Amino acid sequence: METGSPGKRPVLPKRARLLVTAGMGMLALLLFGPRLVDIYVDWLWFGEVGFRSVWITVLLTRLAIVAAVALVVAGIVLAALLLAYRSRPFFVPDEPQRDPVAPLRSAVMRRPRLFGWGIAVTLGVVCGLIASFDWVKVQLFVHGGTFGIVDPEFGYDIGFFVFDLPFYRSVLNWLFVAVVLAFLASLLTHYLFGGLRLTTGRGMLTQAARVQLAVFAGAVVLLKAVAYWLDRYELLSSGRKEPTFTGAGYTDIHAELPAKLVLVAIAVLCAVSFFTAIFLRDLRIPAMAAALLVLSAILVGGLWPLLMEQFSVRPNAADVERPYIQRNIEATREAYRIGGDWVQYRSYPGIGTKQPRDVPVDVTTIAKVRLLDPHILSRTFTQQQQLKNFFSFAEILDIDRYRIDGELQDYIVGVRELSPKSLTGNQTDWINKHTVYTHGNGFVAAPANRVNAAARDAENISDSNSGYPIYAVSDIASLGSGRQVIPVEQPRVYYGEVIAQADPDYAIVGGAPGSAPREYDTDTSKYTYTGAGGVSIGNWFNRTVFATKFAQHKFLFSREIGSESKVLIHRDPKERVQRVAPWLTTDDNPYPVVVNGRIVWIVDAYTTLDTYPYAQRSSLEGPVTSPTGIVRQGKQVSYVRNSVKATVDAYDGTVTLFQFDRDDPVLRTWMRAFPGTVKSEDQIPDELRAHFRYPEDLFEVQRSLLAKYHVDEPREFFTTNAFWSVPSDPTNDANATQPPFYVLVGDQQSAQPSFRLASAMVGYNREFLSAYISAHSDPANYGKLTVLELPTDTLTQGPQQIQNSMISDTRVASERTLLERSNRIHYGNLLSLPIADGGVLYVEPLYTERISTSPSSSTFPQLSRVLVSVREPRTEGGVRVGYAPTLAESLDQVFGPGTGRVATAPGGDAASAPPPGAGGPAPPQAVPPPRTTQPPAAPPRGPDVPPATVAELRETLADLRAVLDRLEKAIDAAETPGG
């Protein structure tokens, strides 16, 4: 190897330079190539869905943050390096044996600019990239407005705390990072060039090093003073008193807040003492100031509040925390919209006073009682409506309502989607998987309040064709025949929850002009996609990009891809909304509806904040389990609004965002940040609005908060005596809370069907029923919450107690033993329904599923029995239990003959139910069990009792029940004042 003359750097041969250059290029391509591909694909996709302005705004915001933070950090660090380098000692002994940094110093001296600029720029870019994730804070600060509500402590508008304060904190944090990095860079540079020597016995520091380090240390302390000042405002979101309440308490206001001001003053004095090192050589002054700051932070900022909390607040907490609990109550009600303007409270006895058949509201409620459980029937839908092995329904079906022939009816609904996971054999070939099996077929609904027929023979239930949904199918076949209960003009489904489970998730549609259709449509027809959705891959550049993205060379060589081909990506409705509106939080349960003849997914979207002063924290997301098994709570928020309703067209993927809360200042802020992306509420079609449901995620948050925040008096709030709890799910062994349920019930004023989301509530650490919460979904009253409050000493049983009472009933227990010989038992949703002018009716469907004896055989649930229960009048918590193949028979068992006539009978078609009493032969009406707190015994029966005698006894008992009813009414009249 040739070497140059002394003093010249060695030169690499030309071939070596080419290899190094090629290697660096390959490394850069590997590092940045996939990211550049993703950026270009996003550019194409956002343009296809019409939201490219969102992508550009977010990108420019993040680039601006990167540039600003990188410039500040790199500038400060570079200035520190430059000052330290220029003020280095003129002579530093270059003796490696005595100076361990001498080789490094020599290397730096050969290329000082490269090292200086390289370190500064690298640190700046890294900090800028990390800071770019704060783009949401920047946009909220730039476009934020006011709430029109001021905080109770400082008198500032809430907008300051949620829009401005997070931005100020972020700016302060990055300034702090920049100054600390500059201090460290100065320290290392002075050490490298001899301004700081540690090799001598006591060390040495040059004047230039002392001044520079002191200035940067003073800047750090000065920034800490600003941090103490901002800490004062963040006390209003303090978690010191959690779980009792959120926000500043007595200790925060009377100890922490003054302590922050004291620490601000001390930090400023400490910073000034560091700056005096510019003129004074004695470093003991800043050292003592720093010690004073640390000691003050411990004593004033830590020990003083701790002592006040321990010896002054806790012994008198109920009194001293009272005004701060009141602040928390008011803020939480406002932040979650659970205040008096949105929640109506009504006293409710919990014991029925009338026969349901005599109450118009109850007649409607009973006729609409939902017997089909969307959590159980997905496999039934799949087995009976699948058509092909590659079609499937969502694991949990949905509930919605439709007006058919003028009658409002709730339906269990699902979309027959393509299931990529169900493809087998040659169906999984790349061509078939991505170009042939591309879409689902149809919308399937079933009336939620009835089945095709009652299943009566317990021993042969699994062999009967009873207890199954009555389907209304809107697909390609029914479109051709013209027989559709719910008219759908375009039943093909290219976007959905199930179809998006493909890995990777994409379909290739279209082809060369004039080419034959290849997408599977039916057994006798194929189809070519004509929708607007999809990114064009008709040119070779885009094909190459997608071949790179999906690591699939067949994009380049397949003859199935032509000039008109497009690729459909991001097919999950929820994901599409999240991508076009990254500032929204989406509900976990999109649901399909039919609007104007098209299948559309509705996605509820929320605006959220996490710094609303004094508001209780909660989470819209359930616990998340990491791959390592660690369970983490979802994102904590302190403000939620269901401000946007989003729709995704199931055929072409069109995403539309509709404003749904004109009063939400957070949504108004985002609409200013992304103009034109959210349509005004006036543009919501009436047919679409009729299908809006109150979202489950929001309701679950609100009911958990109402369990505490229905209490008005702070002292009572502190004692927790009046709190409620969300009941555990009696049908689930995993200790989960009972999910809310959608029901169609009679409206209290008009007795017309009203679609609501409801939940029972039990007492705090008790199982007795305490309240019943329902949220209206009808357009006229959407969002209104109704709370029925039971007396605090109520003995009305809650869901878990009722479940125990029902399954321990001797009739249920004995037949369950018979059923379990060849079936698995599934208990459906336990519905709680206000009824009988003060009472609560519990209804629970019981499903059976035949135990499979062959791996190839398929089994699925069917409705076999209906359990009902009500509280016995005039007893200490006794209940009546009804158990029969139909709801009508079960109701007659608990209310007496006649009530069951208003229930919807099995049979009919999906559009209309059979007339009352047309549900087939039913056994004679049973008499309510005796009034007792114990489960009723099964009626005696045996082969030695003649049938005529049985009929005579039943008739006599029915007459006796009528006499008892008249006697109860007479007693009520006698006890009524003035009666």
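Heads up, residue numbers simply count up from 1 along the chain you see.
The backbone N, Cα and C atoms fix where each Cβ goes, glycine too.
What Swiss-Prot records for 19-39 (among others) is transmembrane segment, and it gives sequence analysis as the kind of evidence.
Residues 116-117, 119-121, 123-125, 127-129, 131-132, 134-135, 138, 174-175, 177-179, 181-183, 185-186, 189, 208, 212, 216 of the same chain sit 6 or more residues outside the transmembrane segment (63-83) yet have a Cβ under 8 Å from a Cβ within it. Annotation comment: Swiss-Prot describes 63-83 (among others) as transmembrane segment.
Within its own chain, the transmembrane segment (114-134) is flanked in space by residues 62-63, 65-75, 77-78, 81-82, 85, 108, 170, 174, 177-178, 181, 185, which lie at least six positions past its ends and keep a Cβ under 8 Å from the stretch. According to Swiss-Prot, the feature transmembrane segment maps to 114-134 (among others).
Annotation source Swiss-Prot lists transmembrane segment at 174-194 (among others), citing sequence analysis.
For 211-231 (among others), the entry in Swiss-Prot reads transmembrane segment.
Swiss-Prot lists 260-280 (among others) with the feature transmembrane segment.
Annotation comment: Swiss-Prot describes 288-308 (among others) as transmembrane segment.
The region 'Disordered' annotation in Swiss-Prot covers 898-948.
Feature annotation from Swiss-Prot assigns compositional bias 'Low complexity' to 902-912. According to DSSP, the secondary structure content of the compositional bias 'Low complexity' (902-912) in residues is 1 helix, 0 strand, 10 coil.
Residues annotated as compositional bias 'Pro residues' in Swiss-Prot: 913-946.
Sequence-distant contacts of the transmembrane segment (174-194) (same chain, six or more residues past either end, CB-CB distance under 8 Å): 69, 72-73, 76-77, 79-81, 83-85, 88-89, 92, 101, 104-105, 108, 119-120, 123, 127, 131, 205-206, 208-209, 212-213, 216-217, 219-220, 223-224, 227.
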